[in-house]
């Protein structure tokens, strides 16, 4: 018959559990009086990593891992088959190689920041009674006194019956993340996170850097092909097929980021988020509609360029939910 576990065994087991909970926290526990990231998974749809430093959304379709693979795979192929030859060529293409690696690293960092950072999550009201007062079902309309081009425009405050809070203007509730987000633009399945006030700039940087990385990859491989063909090397010889593959890969892959980047530049120039734009056109197909400046938009106070800078460079603001606090 086995005896009771010793004190050292109990301490070792508890330390192991704490380490795994620090490494990845999937299911929270409201009874644990430790840090917020150990409790929040039970109230939201988040998974926390490394003691609440990184976070992701629970999903059965991890498209963000596919995007991560699409980012890493061309860099590996380029490093193995192309970089060495271009670096040591007598024509001096070292600058293009360095620029590609810089754009690729920028793209990977921006993707990571977009996917794992806080988009502007608002804390829930956990002290509210389950029965919502009847007056909370009414929206509150306030005058917007900025004196902009929108004239006597107004902003609407809505009560979130899930989070039990009054949402600030431009904030919306995400049904995937199960939380309200400041200046909520949309929930992006490709980064598995919401795009909001605190990570919108990272999202735009990801689109821009991905476009630049694809363009530089095409330039590097095209120069290799051009030089090889002029020197009489057949394309069937190694490693030229890899250069052709990377050119086609980058050309196809850059289409979506270019379209999204142009779309968000137009949206930010008119001071609209994706949710506001879709609501203004009745949630119809946005491809069939031209992005126009809305006259009733209280936030479009300046010209196109100033509006774009105001939305893209909007202050991130302090984090409403610090996941590492007790």
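Heads up, the Cβ atoms here are built off N, Cα and C, so glycines get one too.
Predicted, not measured: the structure shown is a model, and the values here were computed from it.
Database features, via Swiss-Prot:
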TOPO_DOM  1-62  topological domain 'Cytoplasmic'
TRANSMEM  63-83  transmembrane segment
TOPO_DOM  84-90  topological domain 'Lumenal'
TRANSMEM  91-111  transmembrane segment
TOPO_DOM  112-202  topological domain 'Cytoplasmic'
DOMAIN    158-208  domain 'DHHC'
ACT_SITE  188  active site, S-palmitoyl cysteine intermediate
TRANSMEM  203-223  transmembrane segment
TOPO_DOM  224-241  topological domain 'Lumenal'
TRANSMEM  242-262  transmembrane segment
TOPO_DOM  263-326  topological domain 'Cytoplasmic'
Checklist outcome for this item: the residue listed as 'active site, S-palmitoyl cysteine intermediate' -> DSSP, reduced to three states, gives strand
Next on the checklist: Let me check the 10 A CB neighbour count of the residue listed as 'active site, S-palmitoyl cysteine intermediate'. How many other CB atoms are there?
Outcome noted: 21
Checklist entry - Can you count helix, strand and coil residues in the domain 'DHHC' (158-208) using DSSP? => result 9 helix, 18 strand, 24 coil
Checklist entry - Using DSSP, how many residues of the topological domain 'Lumenal' (84-90) fall into helix, strand and coil, respectively? => result 4 helix, 0 strand, 3 coil
Item to check | Cβ-Cβ under 8 Å with the topological domain 'Lumenal' (84-90): same-chain residues at least 6 beyond its ends | outcome: 96-97, 220, 223-224, 227, 239
